[in-house]
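Peer 1: Below you'll find the structure I mean.
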Amino acid sequence: MPHLPAPTAPHPGAAPAPAPMRSAAPGRGLKGRIGVPGDKSVSHRALMFGALAVGTTEITGLLEGEDVLRTAAAMRALGAEVERLGEGHWRVAGRGVGGLVEPADVLDMGNSGTAARLICGLLAGHPLFAVLTGDASLRRRPMRRVTEPLLATGARFTGRAGGRLPLAVEGAAEPMPLDYEVPVPSAQVKSALLLAGLCARGTTRVTEREATRDHTENMLRHFGATVRVAAEGNRRVIELEGQPELRAAPVAVPADPSSAAFPLVAALLVPGSEVTVAGVGLNPLRTGLFDTLREMGGGLSVTNARVEGGEPVGDLTASFSALRGVDVPASRAPSMIDEYPVLAVAAAFARGTSRFRGLAELRVKESDRLAATVALLAANGVRAEVEGDDLIIARDGAPAPGGGTVETHMDHRIAMSALVMGLASTRPVAVDDTGFIDTSFPGFTGLMNGLAGGPAIAAPPSGLRE
Ligand SMILES: O=C(O)C1=C[C@@H](OP(=O)(O)O)[C@@H](O)[C@H](O)C1
Ligand SMILES: C=C(OP(=O)(O)O)C(=O)O
């Protein structure tokens, strides 16, 4: 059997023991050039497309975070051969479009919304029965946004109240193509519908009211499908010709801009810092944070810009900067949706008022990120307000006080954002559990401590109460 690293939570709902940590000012600037793990969105999709292609897909730079390992295990359970050849180097022998087989057991997607929702789309187009579940965070997240439109393929879904996981799926024997306008800005919904469309005869049409990350469209083309994308005002209309023969194709996964965000924001906030993150994915539908940090006066530059594996990448350098408040329009939210917690930390060190508009989607992430971000800041002496779907943070440019303990609510991005805050605040910042960081950024603590030149992030000496 090829080796597949074991997920850390082997049973649905079995929470591993919490791993508290605390971060403190390193006493000097963060310095160095680092790489961060592969892009999570691209990694999930590379495994899924590999499983649907004819032939063997080689993936390099795959994120070996828990979320992606769940997708790897699911693709194996659906009949693909998934093999780890070395660090980040994986091989998938696919079964062809429509060729997935019924899994023998429940598919546990752990903490991953992307895996659960995209796999709903995959399953809808195959005549099989499957049950999806996840951890306590994922079991709270809405699934109707994918299952409702997927009903028109002929698939059937039975879930808990509110359409949540665990969810039983009966895929369609002869799936119908969809024509659907996605009411929320969600690349996961768009992607699930396109994946279902692969198995349908005829043209699937998905309209989005604002552009979201387009890794699925790019990868469909890369594997040989016919995809047309047309702009109609702000709308994007994506048309996919069903039942293509996808051909295996190599995928080089760029470094994840959503992970690069943490060391780069830390460098902007810790005096004397200069940090470079190499080979970061710079797909324009992912780079809203970097534009916003520049608008705040952040010293952030791109060198060595190039195209690798069909995606733009570059080396990003951030250096300590005095930041000012910023007004971020709602239209920018899809291009930086996972970056708001760490942007809020940056705003806590800026002079002036920051307003981030249109953040309703943050309420349905691994935690209610709007509430969790307000609580993160409040625990550390920074007042933030929510007005409708906007987050407002007004500050005078002084370092944030810190000194608090942050509840992470099973949310990796809340944990990392809090630890970044502690590196720059007057007093240390503690988090109750860092275990979920491994879902997207294994090695985070070691990398940050390497930049700090010592254990700036460490387990608190005597638990959280000192
Ligand atoms: O398609 C994807 O890979 C993702 C889309 C986003 O979710 P939504 O589609 O729910 O906005 C994002 O928050 C998530 O981390 C990854
Ligand atoms: C929202 C996220 O992921 P997912 O929806 O895949 O759980 C994230 O990584 O911030």
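Heads up, the Cβ atoms here are built off N, Cα and C, so glycines get one too.
As listed in TrEMBL for this protein:
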type	residues	note
COMPBIAS	1-19	compositional bias 'Pro residues'
REGION	1-36	region 'Disordered'
DOMAIN	27-445	domain 'Enolpyruvate transferase'
BINDING	Lys40, Gly113, Arg141, Gln188, Arg369, Arg413	phosphoenolpyruvate binding site
BINDING	Lys40, Ser41, Arg45, Ser186, Gln188, Asp338, Lys365	3-phosphoshikimate binding site
ACT_SITE	Asp338	active site, proton acceptor
Peer 1: Considering only the binding-site residues Arg45, Ser186, Asp338, Arg369, Arg413, which possess a Cβ situated under 6 angstroms from at least one atom of ligand 1?
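Peer 2: Cβ under 6 Å from ligand 1: Ser186, Asp338.
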Peer 1: Given the binding-site residues Lys40, Gly113, Arg369, find the one whose Cα is closest in space to the Cα of Asp338 (3-phosphoshikimate binding site).
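Peer 2: Spatially nearest to Asp338 (3-phosphoshikimate binding site) by Cα position is Arg369.
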Peer 1: Rounded to a whole number, how many Å is the Cα of Arg413 (phosphoenolpyruvate binding site) away from the Cα of Arg45 (3-phosphoshikimate binding site)?
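Peer 2: Arg413 (phosphoenolpyruvate binding site) and Arg45 (3-phosphoshikimate binding site) have their Cα atoms 21 Å apart.
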Peer 1: Output: those binding-site residues from Gly113, Ser186, Arg369, Arg413 whose CB lies less than 6 Å from an atom of ligand 2, in sequence order; none if no residue fits.
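Peer 2: Gly113, Arg413, by Cβ distance under 6 Å.
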Peer 1: To the nearest whole angstrom, state the Cα distance for the pair Arg369 (phosphoenolpyruvate binding site) and Ser186 (3-phosphoshikimate binding site).
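Peer 2: Computed Cα spacing between Arg369 (phosphoenolpyruvate binding site) and Ser186 (3-phosphoshikimate binding site) is 16 Å.
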Peer 1: Write down the Cα-Cα distance for Ser186 (3-phosphoshikimate binding site) and Arg141 (phosphoenolpyruvate binding site), rounded and given in Å.
Peer 2: 14
Peer 1: Whole-number Å only: compute the distance from the Cα of Ser41 (3-phosphoshikimate binding site) to the Cα of Gln188 (phosphoenolpyruvate binding site).
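Peer 2: Rounded to the nearest whole number, the Cα-Cα distance is 9 Å.
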Peer 1: Looking only at C-alpha atoms, tell me how far Gln188 (phosphoenolpyruvate binding site) is from Arg45 (3-phosphoshikimate binding site), rounded to the nearest Å.
Peer 2: 11
Peer 1: Of these binding-site residues, Ser41, Ser186, Gln188, which scores lowest on Cβ atoms within 10 Å?
Peer 2: Ser186
Peer 1: Between Lys365 (3-phosphoshikimate binding site) and Lys40 (phosphoenolpyruvate binding site), what is the CA-CA distance rounded to a whole number of Å?
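Peer 2: Here the two Cα atoms are 15 Å apart.
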Peer 1: To the nearest whole angstrom, state the Cα distance for the pair Arg45 (3-phosphoshikimate binding site) and Gly113 (phosphoenolpyruvate binding site).
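Peer 2: Checking the Cα atoms of Arg45 (3-phosphoshikimate binding site) and Gly113 (phosphoenolpyruvate binding site) gives a distance of 13 Å.
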Peer 1: Just jot down the residues in the same chain as Gly113 (phosphoenolpyruvate binding site), at least 6 apart in sequence, with C-beta under 8 A of its C-beta; none if empty.
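Peer 2: Result: Leu138, Arg141, Gln188, Lys365, Glu366.
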Peer 1: Select one residue from Arg45, Arg413: among these binding-site residues, choose the one with the most other Cβ atoms within 10 Å of its Cβ.
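Peer 2: For the binding-site residues Arg45, Arg413, the Cβ with the most other Cβ atoms within 10 Å is Arg413.
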Peer 1: Residues with Cβ closer than 8 Å to the Cβ of Lys40 (phosphoenolpyruvate binding site), same chain and 6+ apart in sequence?
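Peer 2: Sequence-distant Cβ neighbours: Leu63, Gly65, Asp67, Val68, Thr114, Asp256, Ser258, Ser259, Ser440.
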Peer 1: Could you tell me which of these binding-site residues, Arg141, Lys365, Arg369, has the greatest number of Cβ atoms within 10 Å of its own Cβ?
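Peer 2: Ranked by Cβ atoms within 10 Å, first place goes to Arg369.
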Peer 1: Among all the protein chains here, how many other CB atoms are within 10 A of the CB of Asp338 (3-phosphoshikimate binding site)?
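Peer 2: Around Asp338 (3-phosphoshikimate binding site), other Cβ atoms within 10 Å: 22.
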